[in-house]
Amino acid sequence: MNPPSSIKHYLQFKDFSLEEYEYLLDRSAILKAKFKNYETWHPLHDRTLAMIFEKNSTRTRLSFEAGIHQLGGHAVFLNTRDSQLGRGEPIEDAAQVISRMTDIIMIRTFGQEIIERFAAHSRVPVINGLTNEYHPCQVLADIFTFIEQRGPIKGKTVTWVGDANNMAYTWVQAAEILGFRFHFSAPKGYQLDPAMVADSALPFVHVFENPLEACDGAHLVTTDVWTSMGYEAENEARKKAFGDWMVTEAMMQRAQPDALFMHCLPAHRGEEVEAAVIDGKQSVVWDEAENRLHVQKALMEYLLCGRY
């Protein structure tokens, strides 16, 4: 073990270097193998993970809670509706208190500025479980799933069909760091915000008006719900706007013959993806969902213990 010399947070995908991701992806495979072989591994014995949820989730809570347990620690669930965070306690104060009683903190919230402010006042590592702007743990799991199924992602093409949401912006950061092409297609009014795309990422990002063309030659086609949490009032308008951006078998046929399909779930069959695609032979959504568990274990282990 080579413990970290200072506190490190994971708030955006760009917070880690290529070399760190190479380590984390390798480590994820090792920890997954331990899990499959029923091998006990408790590097986080008696460590406590605080899980703060302002946005509800099934996969995020289950994967983090099971993950810290499998590493020998335990989790404390904090819902903002049931804590002082939901009664107006300043974020800075909450960070000071919670980080004095726990070893690592995961937050799933709305604005990115909330988690940035929290981390700035935390004495322990903070992990972004999801914000409106970024979802780094999910994209890390997706990349691990791709590598597991198809090998290195460098030089490959990842196509995003759908809203410019937290997943899309995280894929933009990942493309620059890991060196793959990112094809993006969404209807007008739902495009990538130039202010959210670094100039250094532009050579890796290619925007298409036609979603079929965006899928040409893709090694991975991925999407998400048309209406993210917090945007429910726009649901009907989004359904009308995104009608041509459902991932279909025709789109998958434009991709590479061995292309994969991913969706971070939950999915709405018949909206953002055809049932024949998500339930078809190219879909790896269940492996993708499971791999949240393994990459997050590698992440927590790295943030608290450094490298093995």
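Heads up, the Cβ atoms here are built off N, Cα and C, so glycines get one too.
Because the structure is a prediction, the values reported are computed rather than measured.
As given in Swiss-Prot:
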type: BINDING; residues: SER57, THR58, ARG59, THR60, GLN84, ARG108, HIS135, PRO136, CYS137, GLN138, CYS264, LEU265, ARG292; note: carbamoyl phosphate binding site
type: BINDING; residues: ASN166, ASP224, SER228, MET229; note: L-ornithine binding site
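Secondary structure from DSSP puts HIS135 (carbamoyl phosphate binding site) in coil.
Of the chain residues outside the L-ornithine site list ASN166, ASP224, SER228, MET229, LEU130, ASN132, HIS135, ASP163, ASN165, MET167, VAL225, GLY230, TYR231 have their Cβ within 8 Å of the site's Cβ mean position. Distance from the CA of ASP224 (L-ornithine binding site) to the CA of ARG59 (carbamoyl phosphate binding site) is 15 Å. In terms of Cα spacing, the binding-site residues ASN166, SER228, MET229 all stay beyond 10 Å of CYS264 (carbamoyl phosphate binding site).
Put simply, of the binding-site residues SER57, CYS137, ARG292, the one whose Cα is nearest the Cα of MET229 (L-ornithine binding site) is SER57. Binding-site extent for L-ornithine: residues ASN166, ASP224, SER228, MET229, maximum pairwise Cα distance 12 Å (rounded to the nearest whole number). Within 10 Å of the Cβ of ASP224 (L-ornithine binding site) there are 24 other Cβ atoms, across all protein chains. Across the structure, ASN166 (L-ornithine binding site) and HIS135 (carbamoyl phosphate binding site) are spaced 6 Å apart at their Cα atoms. Of all Cβ atoms in the shown protein chains, 16 besides its own fall within 10 Å of the Cβ of SER57 (carbamoyl phosphate binding site). Neighbour density for ARG59 (carbamoyl phosphate binding site): within 10 A of its CB lie 20 other CB atoms from the protein chains shown.
You'll find the Cα of ASP224 (L-ornithine binding site) roughly 15 Å from the Cα of SER57 (carbamoyl phosphate binding site). Of all Cβ atoms in the protein chains displayed, 22 besides its own lie within 10 Å of the Cβ of ASN166 (L-ornithine binding site).
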